[in-house]
Amino acid sequence: MDQPSDFCTDCGNLIEIPQFGDSIECNNCKGKFSLADYPIKPIVSEIEFKEKKLWLEQAKQIKEFGKIQEEEQQNQKALIKQECPQCQNQEMYFWTVQLRSVDEGSTVFYNCPKCNHTFTQNN
């Protein structure tokens, strides 16, 4: 046996390395081998975590909505009495869009007609 593998040299079955002892027995053909012929190989796993940048996605969506012509926007928005967090204007436009899956709430967009500050809130 030149190069030890993870398989039985007699029947080709996958060899299970025992926790104790110095010999290996094939579960299929019952062939016996020396543990020295089967060096333990490390198992390496790599996990890469990527944080989902929801704020960036929302900023892109706000920018897309900003490209709609002003006349069309006014027809699609409702004017409500709510204070703008940026300029304290007492009225804001709002509209809702279903950006997430159907079983989740919609996203509410707010836009100040005075300073044009826009922000979102998830329902």
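The backbone N, Cα and C atoms fix where each Cβ goes, and this holds for glycine too.
Curation does not apply to TrEMBL; its annotations are automatic.
Per-residue confidence over the zinc finger (8-29) averages out at a pLDDT of 84. Residues annotated as zinc finger in TrEMBL: 8-29.
Same-chain residues at least 6 positions away in sequence with a Cβ under 8 Å from that of CYS26 (Zn(2+) 1 binding site) are, in sequence order, CYS8, ASP10, CYS11, ASN13, ILE15, LYS32, PHE33. According to TrEMBL, the Zn(2+) 1 binding site annotation covers CYS8, CYS11, CYS26, CYS29.
Annotation comment: TrEMBL describes 80-120 as domain 'TFIIS-type'.
The Zn(2+) 2 binding site annotation in TrEMBL covers CYS84, CYS87, CYS112, CYS115. CYS115 (Zn(2+) 2 binding site) falls within neither a helix nor a strand when secondary structure is assigned with DSSP, and so counts as coil.
In this structure the C-alpha atoms belonging to CYS87 (Zn(2+) 2 binding site) and CYS29 (Zn(2+) 1 binding site) are separated by 81 Å. Taking the Cα atom of each, CYS112 (Zn(2+) 2 binding site) and CYS29 (Zn(2+) 1 binding site) are about 77 angstrom apart.
Using a 10 Å radius centred on the Cβ of CYS115 (Zn(2+) 2 binding site) and all shown protein chains, the other Cβ atoms total 12. Counting Cβ atoms from all protein chains shown, CYS8 (Zn(2+) 1 binding site) has 19 others lying within 10 Å of its own Cβ.
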